[in-house]
Amino acid sequence: MDDTLDEPLCVEKVLQERGSVCSREAWRARGYFVLHTLIDVLCFCGFIYFLLFLMMPAWAWWTTSGVLLTLLCLWRALLWRWRCSSDVPDWLPYTVHKLQIGDKELWLVGTLHISPKSPEDVKKVIETTRPDLVMIELDEERLNRMRRNDLEAAQPPAKTSLQPVVINEQGGEMTLFAQRATWNGEKTGQTIAGDLVYNKSDPHGLAPSRGLNGNILVAQRGPSVSTPAEQARVSFTVKAHLAARAGASALLVVDSFPNLPHTRVGSGTLKHELRVFMETRSCSFPPIPVLVLSQTDGNALCERLDLETVHAKFTIEPDKYPRRTLRRQICESCALLFSGIGILYGIIGCFNVDVGDEFMIAEKQAHAEGVPCACIDVNTNKLWSRIGWSLLPTPTNVLDAVLSWLAFPRVLFRALFPGPSRMDVLGGMVLHTRAFSCRIWIAFGLAGVVSSFVLSHLLILLTATAERGMEVAHIVNKSERGATKTWIMLLVEVYFMARVYASIVVSRDLTMYQMIVNRARQYSARSLVAVVGAGHANGILKHARSGGL
C-alpha cells in the first residue's frame, strides 16, 4: 500500500482524472479505496487505544520502548545486509537511492539541509556517476539568492533567457541580447519602440530631463556606492520610476561588468525594497520595462548615439520568473515569521550554519563536470498560494484531513520499518545528525524552541478570541473556558498539520517528480541525479515507479 497520508483521496482524484468511472478498473480501484480506508480505521483505533487508554506500568512502557528500539536496529541491519548482497554499489551512501526504469536511471540523494554530511554525499554521487543532468530542490529565484559570486561570474546567462533587442541605425540592423528585470513579464507581448536617448551630463539616469516622449532612455549602471540607502537610490527600480516620470517607454542600462547578470535584475531583500519605497513612494512594479546590456554592447551603442540617431524595438518575452510587489513581499514575510519558519531559519543563520549548502555543491560539481543543473521545485509564490487554498475548511479539505490522520499509523509503521525499495529516512537522519557539531545542535535546538513558542502562543491568541466569541454568544459557559480553549486548539492543530503536510510535502513530491520527467526530456538525459530533502524522497520514488521516468 502507498504511504502518503492522503493517498485514499488521491486514488479517487486519479480515477476522476482518467474519466474511467464506469470501467472495471475504476470499480476495482474504488473497492481498494474502501478496503484501504477500513484497514486504516481499524489500525487508527488500535493505535489510539494503545496510546491513550491502555494503562501500563512504567516498567512495561520502558520494556516496550526497548523492544521497539531493538527491532529498529535489527531491521536496519537486515536492510544493510540486503544492500550488500544486491547490485547496489559499495560506494553508494546510505542516504542515496538508485532507481532504474528502462534505459533511465535516477540517483536520488536524500539530504538534511543543515547537515555537513549532505554536501559530501552529493559531491561523491556526482563525481562517481557522471550523470547527464543534475537537479536540485530549489526554484530559480532561491538558487540565485544562494549562489556564490564566483560561480555566478563563471556562468553566463543562457541566451534563451535573455531579451532580444533590434537596433536600427544607418549602417543597418542588428540584434542585441539583454538581461531582463523581474517585472518585465507584467507587459508580456507588448512591443516597445523608440529612439535611444543618452544624456552625457546625467550618464546614470538619476535626473532624466522631461519630454522623452515615449523614447527609450539609455543609462549607465551605478554609480558605485557603499551604504544601503545609497544603493537603493541608484537601483534599477528607482531609475525605472524616474525614467517613466520623464516620459520614457523603456530603460536600457549599460552594465558595468564584462558579463551580463546571470539572472533577472530588480529584486532584493525586504529591507532593500523598503528603502526603494522611501525613494519612489510606490509599492507597485515600475511602469516601464528595464533591460541590461553588456558592457561591450552598451558602450558601443553610446558611442554611436553621439554620431547618429539610433532606433530600438523589442517585443517583451513571456517570463515565468517569480515576481512580487512590495505589498506581497511584506505579506509573505509576515507569514514566514508567524508560521515559525522565518524564526527557525533566522536563528540558524545567526549561528552561521550553512543551510542548503548541498545545492550549491551540486551546481558547482555539475559545472565542473560540464553537465547542466536544473531546478525542480515550485517558487514561493505558488507555494504560499497552495498552502492558502489547502487550509480553507472546505468539505474536501476536511475529508482529506480526516483520511490523513486515519492513515497515520500505517505511515508511521512504514517510516519505522521501510522496505528495500524505499529510502530509510529515519536511519538517514541518524547518520546526518552524527555529523552535527555542537554549534549546529545549539542552533537547531534554540531555533526549534523559539519558533514553537511563537507559533503556540499565536494559536493560543486565536483560540482565546474564538472562545470569547462563543462565550458572548452563550454557546459555552464561563466555567468551561479552559476546556473549550483546549479543544479548539487541538482541532485547529490537527486540521492544520494534516493540510500543511499535504500542501508542503505531498503536493511538492508530485510537482518535483513531474519536473524531473520534464527536465529529463528537455535535456535528453538518461542518467539523472536529483538532490532533494529526505522527506520528499519516498514520495518521488513512488510517483516514479507508477509513472516512469
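Even glycines carry a Cβ here, placed using N, Cα and C.
Here is what TrEMBL says about this protein:
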type	residues	note
TRANSMEM	33-53	transmembrane segment
TRANSMEM	59-79	transmembrane segment
DOMAIN	194-301	domain 'PA'
TRANSMEM	330-348	transmembrane segment
TRANSMEM	438-466	transmembrane segment
TRANSMEM	486-506	transmembrane segment
Sort the residues of the domain 'PA' (194-301) into helix, strand and coil with DSSP and give the three counts. 34 helix, 20 strand, 54 coil
Under 8 Å Cβ-Cβ from the transmembrane segment (59-79), and at least six residues away from its ends along the same chain, one finds 416-418, 420, 424, 426-427
Check the domain 'PA' (194-301) for me and report the mean pLDDT. 90
